[in-house]
Amino acid sequence: MKTYLVGGALRDRLLGRPVSDHDWLVVGATPEEMAARGYLPVGRDFPVFLHPQTREEYALARTERKSAPGYRGFTVHASPDVTLEQDLARRDLTVNAIALPAEFVGTDGRFEPDAGKLADPFHGRRDLEHKLLRHVTDAFREDPVRILRVARFAARFDDFSVAPETMALMREMVQAGEADALVPERVWQELSRGLMETRPSRMFEVLRACGALAVLLPEVDRLWGVPQPEAHHPEVDCGVHLMMVIDTSAKLQASLPVRFACLMHDLGKGTTEPGLLPRHIGHEKRSAELLHAVCDRWRVPVEIRELAEVVAREHGNIHRSGELAAAALVRLLERCDAFRKPARFADVLLACECDARGRLGFEDRPYPQRERLLAVLATAAGVPTEAVARAAQQSGAAGPQIGEAIHRARVEAVAALPG
């Protein structure tokens with residue numbers, strides 16, 4: 001029985017990045033031996049155990065063979081006769097197929113990877129030095145989720161490139177229809193993780209390069225090559241603009257709902273009639289409609305979907321909010337449900353700021369609309385609605401008339417703001 005540190009911890013340490021989680025591989029052991037040592041079994045599809053003290057995961061060495069379509073269509077063989085190299089061979093990328101014997105890892109989890117101690121049969125360390133994402137073996141093609149994982153790693157390690165042979169293999173998989181077999185839960189899991197990486201645009205660039213974006217998110221894929229007015233968008237291309245917007249959301253450390261809203265906000269520009277280009281009148285409404293199909297397809301959580309819809313529908317009005325009178329400003333707040341959900345409205349404004357700054361030459365410009373609308377909301381929300389409602393009732397108002405009285409009071413308060 002021999003234990004190794006494997007995967008991301010080694011990769012990140014070799015890159016000089018912080019190491020958080022440790023994944024362990026056990027070669028030459030049975031489930032019974034692990035249980036006898038106090039390890040707790042937790043794996044459903046293959047033998048994985050929790051350490052009795054640290055609660056870190058220890059997996060028995062295994063091989064996998066594709067035996068049926070789908071995410072779970074694998075035959076797993078885990079036994080003491082599976083070697084370290086056989087286990088590493090089933091992994092997706094060479095940079096994730098490196099191992100270090102546990103005796104070189106301190107009790108505090110610290111370790112210094114030394115070339116003489118590393119098990120690196122697929123030259124992952126060399127690929128780290130050359131900044132390459134390369135598949136381990138041709139078995140990569142058996143799991144189409146790996147297309148998404150490669151794209152996600154490209155977003156995390158944004159100075160890495162995908163090895164030409166790996167990109168070619170990914171293209172073959174897409175052309176063979178492998179991307180069509182991806183289950184919604186896994187697609188959303190990888191997309192959401194990719195959006196939260198350092199440079200999310202790299203994920204979509206890789207997916208586009210291999211053809212998977214046209215399969216998974218055709219609404220996004222068709223934005224490339226669609227022009228916008230150069231006066232407002234010096235980058236011109238809608239696809240280029242979208243990538244700048246989601247990278248701005250990462251730069252501003254936005255939450256996942258905000259980043260997804262940024263990804264969805266301009267979908268309608270891909271359906272503008274060619275004769276109307278480069279203008280995109282009404283694209284906000286079309287964007288809000290198109291994102292429903294995306295969210296249904298990949299089972300996007302409701303709260304993330306709802307924020308994206310508000311941003312898609314209202315971002316143009318928010319950009320132009322400096323031109324709006326008090327009544328129009330209050331109606332904008334009402335449409336955004338800002339009085340009931342002020343925190344979500346702040347997220348809406350952050351997504352709009354990412355949109356405004358995700359343009360060539362506008363990256364560092366201020367976005368005064370955000371602070372102004374927050375001030376407008378604070379003023380309108382400060383209206384004593386219960387007192388206004390009582391006064392309206394005493395004057396004989398009922399039902400919708402009470403709501404109209406509250407609306408008028410908010411408009412009056414906003415109209416009194418300076419500037």
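Cβ coordinates are placed from backbone N, Cα and C, and glycine is handled just like the others.
Listed in Swiss-Prot for this protein:
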BINDING   G8, R11, R91, R149, R152  CTP binding site
BINDING   G8, R11, R91, R149, R152  ATP binding site
BINDING   D21, D23  Mg(2+) binding site
DOMAIN    238-339  domain 'HD'
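The number of other Cβ atoms within 10 Å of the Cβ belonging to R91 (CTP binding site), over all protein chains shown, comes to 22. The CA atom of R152 (CTP binding site) is located 19 Å away from the CA atom of D23 (Mg(2+) binding site). Listed in sequence order, the residues G7, D92, L93, V95, N96, F153 complete the 8 Å Cβ shell around the ATP site centroid, once G8, R11, R91, R149, R152 themselves are left out. Each residue contributes its Cα atom, and for R149 (CTP binding site) and D21 (Mg(2+) binding site) these two points are 18 Å apart. When the binding-site residues D21, D23 are compared by the number of other C-beta atoms lying within 10 angstroms of their own C-beta, D21 comes out lowest. For R152 (CTP binding site), the count of additional Cβ atoms within 10 Å of its Cβ stands at 24 [all protein chains shown]. Shown for the domain 'HD' (238-339): DSSP residue counts in helix, strand and coil, namely 78 helix, 0 strand, 24 coil.
With G8, R11, R91, R149, R152 listed as the residues that bind ATP, the site has a largest C-alpha separation of 16 Å. Ranking the binding-site residues R11, R149 by C-beta neighbours within 10 Å puts R11 at the top. In the three-state DSSP scheme, R149 (CTP binding site) falls into the helix class.
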